[in-house]
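Below you'll find the structure, written out as structure tokens, and then a few comments.
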Amino acid sequence: MAADLTDRATSLDKPEVDHHQDDSDGLQQLEEAAAQSGPYKDTMFIGTIVAAGFGMIGGTGSYGLPASVLTQINNDIGPDSSYFWIGVVNTLTLAAGFTLVGRLTDTFGRRWFVVGGNILALIGTIVASRAMTVKTLIGANVLSGLGAVVQTSVPFTVGELVPMKQRYVMVSLMYVFAIPTAAFGPMISWAFVLHTSAGWRWCYYFMTITNAVSALGWFLFYHPPTFHMKQTKSRIEVVKSMDVVGIVLFTGGLVVFLMGLSWGGSAYPWDSAHVIATMVVGGCSLVALVLWECFANLSQPLIPMHLFRNIGWVVNVLTMCMAASCYYGFSIIFPQMVFMLYTSDAEYGSRLACAAPASFLLGTILAGMSGYIGRQKYQVVIASVIAAPLLGGIACVTVDNKATVLGLIITGSVAIGYVEGVSVTSTGISIKNQEEIGAAVGVASTCRAAWATVATTIYLSVLQNKLKDAIKTKVVPTLVKAGLPLSSVPAFLAAFSTGSFAQIPGATPDIIATGVSSYREALVYAFRMVFYTALALLLTNCILALFFPNLDHKMKLGVAARLHRPGKRNNLDSSQRAPTNGVVVEKGSQPAEE
């Protein structure tokens with residue numbers, strides 16, 4: 001199989017072949033041929049890019065739009081204590097889905113997985129837009145979350161269609177499409193709530209429109225290499241060789257573990273049986289998965305473990321995880337800081353809350369030039385060193401320095417977004433065998449989503465615990481000293497969440513003003529601790545950046561996969577099929593099937 005893969009090598013990088021290995025003229029001819037056959041004027045390619053762009057709007061919006069207005073949704077079709085699952089199920093499906101979709105599409109071909117995923121997303125948003133109960137909405141978000149997996153898998157679905165150097169630009173273009181939902185999701189959601197009669201349902205109406213365009217575009221224009229172009233075996237043979245045990249251990253273990261992690265401190269206390277049992281069972285399943293993938297004799301492993309022997313790819317993944325932890329964490333923490341410290345106006349606050357995600361996305365888009373700049377390692381090092389003091393510096397937060405905080409989070413988020421943009425695309429470039437791009441990017445994206453969940457949980461736990469400590473040691477003594485009866489303290493503390501202090505015995509205007517001021521100082525202390533925690537992760541990212549791989553040697557003009565017109569696909573001869581499969585097997589790499 002390794003020899004067969006090698007025979008189908010293209011000019012993505014210098015392949016291991018038995019002849020012409022040192023023929024620089026031959027290599028130059030291959031590069032020129034690849035450049036001349038670029039897909040940019042092909043209507044199939046243009047249609048695919050438009051479809052992918054609209055899919056990115058729906059994929060990023062499936063979480064970004066409803067997450068900002070969950071309380072309003074619960075007030076409308078609830079109340080239901082399980083409403084937080086509306087956002088959680090999206091995270092769970094993304095984390096588990098990336099690896100499955102990446103590996104399965106490498107094996108069976110991508111077309112129907114991508115088309116089917118977009119149809120699932122369309123069904124999900126249609127059902128969600130008409131949901132009359134929270135549980136129906138949760139189920140609908142499971143469907144849209146599954147669809148979002150393929151919609152946001154552009155580093156391999158789109159990246160493999162263009163030459164190596166252009167992959168950064170093309171993935172950045174996908175993020176340009178995502179600006180409305182990924183950058184300005186909170187503002188758009190609140191605009192729907194405040195200025196339309198349908199309110200939050202317009203979040204799903206909007207995504208229904210984009211998902212419909214995306215699904216139709218993928219169906220009409222996306223014709224990548226088929227199963228028979230990828231495989232010499234029959235479908236039955238490939239299905240029989242699938243890693244069913246690995247799929248069960250991976251999916252069950254990851255979902256159960258992240259479920260327990262999401263429950264902790266919110267739905268249930270951290271020391272409750274629900275949290276401990278799910279995290280232990282899920283963790284044990286993931287350990288069993290690693291052992292199974294390492295020691296079972298598998299022809300089609302779910303996770304090609306030899307990827308982890310590629311140090312450059314591993315560092316790439318870890319760097320991406322650290323950058324993502326800032327994006328997801330700050331996208332949740334910063335809006336809380338805005339509304340708790342700076343404003344109670346929903347429309348103004350939603351605009352401020354966009355500062356972090358919009359700046360992060362800008363950095364991701366700017367990273368599109370990294371392939372032309374070259375020396376990706378130095379780019380990542382510089383951006384990481386810039387981001388750490390800026391984002392860590394938000395620990396200077398006070399109740400009066402909003403402008404300073406905004407300046408720090410905007411500039412710091414652009415820098416860490418640049419790190420994310422370079423590393424996301426590089427996960428599909430730094431591998432040795434381009435037939436495994438789906439598996440490599442899928443595993444990396446799963447690690448990214450899982451670690452982002454862990455980091456966000458850490459941030460929220462620090463915020464809650466430090467706020468609780470500050471209330472006990474600072475707010476309560478201040479209230480008692482100001483003259484509030486001790487018996488009224490619990491009611492006064494509870495009133496911070498509602499803003500109504502009128503019915504509290506002994507609460508005079510002076511006491512209320514003193515208590516509110518003390519509570520805001522407690523919030524400042526808690527948020528400072530969160531950003532000190534984030535600084536530790538940012539410094540870790542700086543260290544990882546020192547080992548980030550330089551990929552200049554891979555910036556050859558080669559395409560990993562080509563679209564074909566469906567009426568002509570059966571007429572391809574062997575010389576035409578090679579560039580369609582687009583395999584690079586570098587010296588020392590492992591084949592797709594081991």
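For all residues, glycine too, the Cβ spot is worked out from N, Cα and C.
In TrEMBL, annotation is done automatically, which means it is predicted and not curated.
Quantities reported herein were computed from a predicted structural model and do not represent experimental measurements.
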Transmembrane segment range according to TrEMBL, out of 138-156, 499-517: 138-156
Cβ contacts the transmembrane segment (244-263)/the transmembrane segment (168-192), at least three under 8 Å, sequence gap 6 or more: no
Stretch-averaged pLDDT - the domain 'Major facilitator superfamily (MFS) profile' (48-553): 92
